[in-house]
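Chemist: Below is one structure. I have some questions about it.
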Amino acid sequence: MTNVQRSRRQVRLSRALGIALTPKAQRIFEKRPYAPGEHGRDRRRTESDYAVRMREKQRLRAQYGISEKQLRAAYEKATRTAGQTGNAMLTDLETRLDNLVLRAGFARTTAQARQFVVHRHILVDGNIVDRPSYRVKPGQTIQVKAKSQTMVPFQIAAEGVHRDVLPAVPGYLDVNLPSLKATVTRKPEVEEIPVQVNIQYVVEFYAR
């Protein structure tokens, strides 16, 4: 799939789910905030409880750019954690390495952040980690490796260009953008996680 095809797919998915998944999707979604297709603007059907919960699950998946298998694994892990399952699920997903690369402003989109990790541009506590699903713990530091910082995409990021299209840096991250370095200072709080989802619906979908 080419970059153009991937971009178009993300725009269509954004309109179908009612959320902007990329900066480009945000611009188009503002102009056409309805589902794609000939009858998208006039769609008014009543959805079943199952359909509502399934769409909410799809919205969460899309915002983190993960597979169904990965999301279900996060749910199963959360059910074994003390406290509310939905909150545990969200805070766990938020600490994925690819997500933190995005939150820190080192990348413009989730897909780009994942690519940076897979291509071995990202260090965790000084060591290369090429697994996007790696969970970063409080006290750990992520940084773009020195050799990679000379690349144009990272030079752009270091100038703060992506900050105009990304949510504000969450309180659990201490970011030094010019150095392309960020430290997780504490566990994320649910209220500061910038995703649009009714997490209880997601829990109910998997618990059915």
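Each residue's number is its place along the chain shown, starting with 1.
Cβ atoms are placed via backbone N, Cα and C, with glycine included.
If you look up Swiss-Prot, you'll see 30-49 marked as region 'Disordered'. Annotation comment: Swiss-Prot describes 95-161 as domain 'S4 RNA-binding'.
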Chemist: What mean pLDDT does the predicted model reach across the domain 'S4 RNA-binding' (95-161)?
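Modeler: Summarising the domain 'S4 RNA-binding' (95-161) by its mean pLDDT gives 98.
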Chemist: Of the residues in the domain 'S4 RNA-binding' (95-161), how many are helix, strand and coil by DSSP?
Modeler: 27 helix, 11 strand, 29 coil
